[in-house]
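Okay, structure first, notes after.
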Amino acid sequence: MKAGIIGSGSWATALAKILTDNGNQISWWIRNEDTIRYMQLRHHNRHYLTSVYFDTNLVKLSSHLEEVVAASDVLVLAVPSAFLEDVMLQLSPEALQGKKVVNAVKGLVPGSNLLINDYLSDIFDLPLEQYYAITGPCHAEEVANEKLSYLTFSGLQEAAAQSIADMFTNSYLQTIVNRDVIGVQLAAVLKNIYALGAGIAHGLEYGDNFLSVYITNCFREMQQFLDVYGKDHTEAGTHNYNASAYLGDLLVTCYSLHSRNRTFGNMIGKGYSVKAAQLELNMIAEGYYASKSLFEKNMEVGAYMPVAQAVYTILWQHLNPREAFLALEKGFI
Ligand SMILES: NC(=O)c1ccc[n+]([C@@H]2O[C@H](COP(=O)([O-])OP(=O)(O)OC[C@H]3O[C@@H](n4cnc5c(N)ncnc54)[C@H](O)[C@@H]3O)[C@@H](O)[C@H]2O)c1
Ligand SMILES: O=P(O)(O)OC[C@H](O)CO
């Protein structure tokens, strides 16, 4: 299977490393011509994971999206959710016909608040059977350093999910395959919101004891949301909450210093404005967009989500973080 990657941030670069380390030839869509020229000359991405060098014989770079999509059987999406719609709308509605689309984005489409599979189904008529999700606790920076990591590949077509996972499996990357393609995506969206909240707590100088209680309550809230959501969306299926795509990703994003969401939240807890934190981070914290999308989505779902709601209200309605956390403290078990 010929693989294509859409995006040039940290995660796209990490996934390109894994695929090319395994000897796969890839087509890679990079938006910026200067970044392409730099990579052709210097063999690494000048902005993200700069220590990762590529065998340029294995990498075909292009800023023409249609070209990359046409050349790929398996298309990996790794653009932050806030830009995904702008990127995908460059394609014709037939462009994804017959393709396997592998979503590595941990987010909802801002505005419509759709899961990526629902968005691709609406715009490109992509059946869920051709759609796969990559989730799990995995920071691009650790992939760059070849530290042992685990990724989960989910899809209704388990055999195809397995063959995609096999393209990524190697000595530093273990893969897990399941059919829970909706649940793992929602868990990934939620954990970004909770990690941002963990960062806020850290910025407010709560300690490790509180953080462990906070994460416990977030994990329960995540399950409550998925349980309520699943009642109206039977395709959501059953979820193994103790698997690494659920609990593991929540833990790594709340605890790791690599986490963009935690770092962003930490600045908010310390008193930065959203704008100032965005400028300082210079990377995308998905939890910021997710908090709004999830808040709106939950108006229909109706799950009890005090933590996600507090994060949304702090970021989007200027609620004082200290006051929000004082209110949360009382409800934790
Ligand atoms: N970084 C990780 O460790 C990691 C791990 C798993 C999943 N993810 C997910 O991967 C996705 C991508 O995140 P990332 O960490 O690679 O982001 P990043 O912050 O490293 O990169 C941001 C990317 O967005 C691009 N960009 C900026 N403005 C744009 C625009 N207007 N249009 C199109 N692209 C634009 C930049 O060129 C860059 O490629 C997110 O959904 C994230 O949750 C990231
Ligand atoms: O750096 P974060 O917080 O965006 O998280 C990245 C990955 O989703 C961790 O699995």
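Using the three backbone atoms N, Cα and C, a Cβ is placed for every residue, glycine included.
Among the candidates LYS99, LYS100, LYS106, the one that TrEMBL lists alongside ARG260, ASN261 as binding substrate is LYS106. Of the residues proposed, ALA140, ALA144, ALA201, the one TrEMBL records at the same NAD(+) site as PHE83, ARG260 is ALA140.
TrEMBL names SER10, TRP11, ARG31, LYS106, ALA140, ARG260, ILE284, GLU286 as NADPH ligands; from the candidate set TYR48, TYR241, TYR304, the record adds TYR48 to that same site.
For the NAD(+) site, whose annotated binding residues are PHE83, ALA140, ARG260, the maximal Cα to Cα separation is 19 Å. Of the listed binding-site residues ARG31, LYS106, ARG260, the Cβ environment within 10 Å is emptiest of other Cβ atoms at ARG31.
Non-local neighbourhood of ASP249 (sn-glycerol 3-phosphate binding site): THR135, GLY136, PRO137, ALA187, ALA188, LYS191, each in the same chain, at least six residues away, with C-beta under 8 Å from its C-beta. Secondary structure at ASN261 (substrate binding site), as computed by DSSP, is helix. Candidates SER10, ARG31, ALA140, GLU286 (binding-site residues) were compared with ASN261 (substrate binding site); those inside 10 Å Cα-Cα are GLU286. Each of ASN192, ALA195, LEU196, THR253, SER259, PHE264, ILE284, ALA285, GLU286, GLY287 belongs to the same chain as LYS106, ARG260, ASN261, is absent from that list, and has a C-beta within 8 angstroms of the C-beta centroid marking the substrate site.
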